[in-house]
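Report on one structure; see the data block that follows.
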Amino acid sequence: MPLNLYYAGLYEQCLSSIAVEKKRGTTHQLLHTEGLALRALNRISEAISSFLASQKLDPFDQSTTLELAKCFYLQGNYPSVIAQCDSIISTEGRAPWLAHQLRGLASFRMGDRHAAEKHLFLAYDLHPTLQAKQLIGELQAAAGKSQEAIATMNDIIALSPESINVLIELGLLYVKLNSLDDAFECFSRAVIAVQKQLACRSSMTLSTPQDSFIFSPAFFSLGYTIQAKDPRTALLKYRVAASLKGDSKDPHIWANLTYVFVSLSNLEAALVCATRAFQLNSTSEPCRRALGHVYICLGDYCRAFQILSPAMGDTRAYESQWLLGIAAAKLGELRIAMVCLSKAADGGLYAACLTGLLIFLQANDLTTAAQFSVKLKELDPDNDENLRQGKAAIKRLRKLVQEENSTVEGQAVSEKNEQLTTTDG
């Protein structure tokens, strides 16, 4: 029977069996099974054709409509997902929970968060699983409802303390809120959960690609939270993340390794990592930033400027704009430096604003320096050292402005005396 072959995971044999069966006649169930096997082989377009043909033979079979909606979702055809799900929801007094879940996910992808939230909550009410609740939490996070998302994720953790994905998602929410201690706890718990699962296996070899997708981010995220304070331990976490992933093609691991080696003053290793990240994804802003950062540390400002220059047109690449401003200033391009550092300062980067103040103090451009000093007072310092430098720079600016004013006043008095002397003569 084709269906038995499908459930056994023998998809090619299942399709061969269906081809034989079709010679004796095509049925709704046969086409449905064909669609399942084709989708399992990632032949999505062919699967859609089979499900549509099955649907024509029996338009009232909900299971075929749901499978068709799944295919459209995998294809990214979200309007069709909504159409299929709505056809079930509108004709059923109590529609299957999966119809609401798919409807909610498709609505979210199309930017209709109100409809997404409505249908995901309906799905959860009909079928209250941890996965459904996690989807609600992710939706809340994407909608900017961080506190609601954190509460939802914590509810899941209370019921399932070792849910690796949820712990990672919760940790990332805390990172966005700059609650790094809470993030560290979440990522640490995720790593412990991973280690427990690995300990249950006969070796460190992972059984499925999905395992590495889940396990690797736990170590990566933990490394991220500690790399500023403990780069050596962070390096170990990144190495584990890379080994669990099974390949070396994750550009973001390489980019983060760059900063670890910079912290360890190993610029040669940092350059290797940054170059690798850039080669893997040259359009990624974090990868460009990592390579530009290393070139600045090496004093190669021309290359840094070249790598970082796309940040000029990016409205949110504040850290890259900060670095680009430094490179521009070192190359004598003070106008470009002012534009870049101003953008970064407007983005809330205290360090970028401080850099602008220091650069234009050194250039004796007190007017521009004063503009950065005004902005600096509005921002929260990112660390005690930058706060100390900021106060010292503002104090120096005041002194220079006073000296300049005194000089101007002295010149004015001197000119007035000369005029009086000329008149007396």
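Counting begins at 1 with the first residue displayed.
The backbone N, Cα and C atoms fix where each Cβ goes, and this holds for glycine too.
With a threshold of 8 Å between CB atoms, the same-chain residues lying at least 6 positions outside the repeat 'TPR 1' (28-61) that come near it are 2-3, 6, 9, 11-12, 14-15, 18, 21-22, 67-68, 70-72, 74-75. Residues or ranges marked as repeat 'TPR 1' by Swiss-Prot on the basis of sequence analysis: 28-61.
Among the features that Swiss-Prot reports, repeat 'TPR 2' is placed at 63-95. Mean pLDDT of the predicted structure over the repeat 'TPR 2' (63-95): 88.
Beyond its flanks by at least six residues, the repeat 'TPR 3' (130-163) meets 97, 101, 104-105, 108, 113, 116-117, 120-121, 123-124, 169-170, 173-174, 176-177, 189, 192-193, 196 of its own chain at Cβ-Cβ distances under 8 Å. According to Swiss-Prot, the feature repeat 'TPR 3' maps to 130-163.
Annotation source Swiss-Prot lists repeat 'TPR 4' at 164-197, citing sequence analysis.
The repeat 'TPR 5' annotation in Swiss-Prot covers 251-284 and rests on sequence analysis.
Taken from Swiss-Prot, the feature repeat 'TPR 6' applies to 285-318, supported by sequence analysis. When Cβ-Cβ distances below 8 Å are used as the criterion, the repeat 'TPR 6' (285-318) is approached by residues 251-252, 254-255, 258-259, 262, 267, 270-271, 273-275, 277-278, 324, 326-328, 330-331, 339-340, 343-344, 347-349, 352 of the same chain, each at least six residues removed from its ends.
The repeat 'TPR 7' feature in Swiss-Prot is assigned to 320-351. Under 8 Å from some Cβ of the repeat 'TPR 7' (320-351) lie the Cβ atoms of residues 285, 288-289, 292-293, 295-296, 301-302, 304-305, 308-309, 311-312, 314, 359-360, 363, 365, 368, 371-372, 375-376, 379-382, 386, 390, all in the same chain and six or more residues away from its ends.
Counting only same-chain residues 6+ beyond the ends of the repeat 'TPR 8' (353-383), those with a CB under 8 A from a CB of the stretch are 322, 325-326, 329, 334, 337-338, 341-342, 344-346, 389-390, 393-394, 396-397, 400-401, 404. Swiss-Prot lists 353-383 with the feature repeat 'TPR 8', giving sequence analysis as the kind of evidence.
The region 'Disordered' annotation in Swiss-Prot covers 405-425.
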Counts by DSSP class (helix H/G/I, strand E/B, coil) across the repeat 'TPR 1' (28-61): 27 helix, 0 strand, 7 coil
